[in-house]
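Annotated features in Swiss-Prot:
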BINDING   136, 197, 220  NAD(+) binding site
BINDING   243, 265, 268, 334, 367, 421, 426  substrate binding site
BINDING   265, 268, 367, 426  Zn(2+) binding site
ACT_SITE  333  active site, proton acceptor
ACT_SITE  334  active site, proton acceptor
């Protein structure tokens, strides 16, 4: 007999619902002082000893015997070779996914713009891609080629001159799909290094690894901690928490579908969070039964079970309007609207990393091949953050050109405001360009 699932049940009608929900959503990183200090030591070593430190750490942490950095560089030819080592079906899937990701992100490109005022003053914005971006890819046999596509393609669409990928190869293990994805995505350089040392190398540069402007990509607690420390020296995408899915369902979707949608995130790791919200209590019972029945069929059953029982929940609400309120409170990474008319509810969704519309739109499609990016804000940060995109690899500069007439008129306003702040240097700099003698006579120190 299968043991019933121990997934948590919550009811929005409970007077303590808000407190219980807050407890469910709470999550603390496992980073501790010892991890933090080790990361700081690694960063310091890479900054001081460059390639020598990278070789040393690779030998120590990845179990590789390498003589020099030359052994940790993959040429473009190796990426092209990977394309021949994967199956035709795998190559077709990678290329189709890449095509869809590229097509979607092309629509995110921002253009420079300007306008001219009546006196000839020109104001505008110049959009410029980053010079170089660094992509961290977790290594080993269980690495994720989809992450290569999702991180590298937006950078190339943005116009980044050089994308540098780092991927560890523990005990010499390398995933051919990852290298093939790098080839398809247009990655320019690849180094087989990982951990905090790889992040440090990208941020500060070594004799072999070029210094980048931004570091993106997922990693373990050492990688995340290193990204925190190098932020400011370089940009970063985000510090991601555990993966999350929230399904809002009206009770009319196949409960097996919903259970498997919850599993799709729960299988990532034990801290992943999978939540179902529905006004239909009987449907919640059906999904609980599906979870119990389907769990033993999962390859990662132990991980899924720990995640579902530890951080998962089935939440009963009064109606769909309250379900949307709960969704906005949670601000999930992935939100499935598994309802009859998702378009009707979409305007009320304020906080979600990605919104999957309708019963047939599983979150897994977004992870791999729908087109939008799968690098999404977690842990409630969808309240103020957005998915990774082309705009993360572009920056904006303000453009100001003043005609003589414009400088004279704007100078009057600048002078008054600058003197109000007791910044006479600012004021006089603007006043020198004012051509109205009457104004200058009455408003400047020397009347000139």
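Cβ atoms are placed via backbone N, Cα and C, with glycine included.
Here the features listed in Swiss-Prot are placed on the structure.
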residue: 197; record: NAD(+) binding site; contacts (Cβ under 8 Å, 6+ apart): 42, 45, 46, 53, 54, 57, 58, 61
residue: 220; record: NAD(+) binding site; contacts (Cβ under 8 Å, 6+ apart): 138, 195
residue: 243; record: substrate binding site; contacts (Cβ under 8 Å, 6+ apart): 265, 268, 269, 272, 273, 333, 334, 378
residue: 367; record: substrate binding site; contacts (Cβ under 8 Å, 6+ apart): 146, 264, 374
residue: 421; record: substrate binding site; contacts (Cβ under 8 Å, 6+ apart): none
residue: 426; record: substrate binding site; contacts (Cβ under 8 Å, 6+ apart): 414, 418
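Taking the mean position of the Cβ atoms of 136, 197, 220 as the NAD(+) site, the remaining same-chain residues with a Cβ inside 8 Å of that point are 138, 166, 168, 194, 195, 196, 198, 199, 219, 222, 223, 226. For residue 333 (active site, proton acceptor), the Cβ neighbour count at a 10 Å cut-off comes to 29, with all displayed protein chains included. Largest Cα-Cα distance over the residues recorded as binding substrate, namely 243, 265, 268, 334, 367, 421, 426, equals 56 Å.
Neighbour counts were taken as the number of other C-beta atoms within 10 angstroms of each residue's C-beta; across the binding-site residues 268, 334, the minimum falls on 268.
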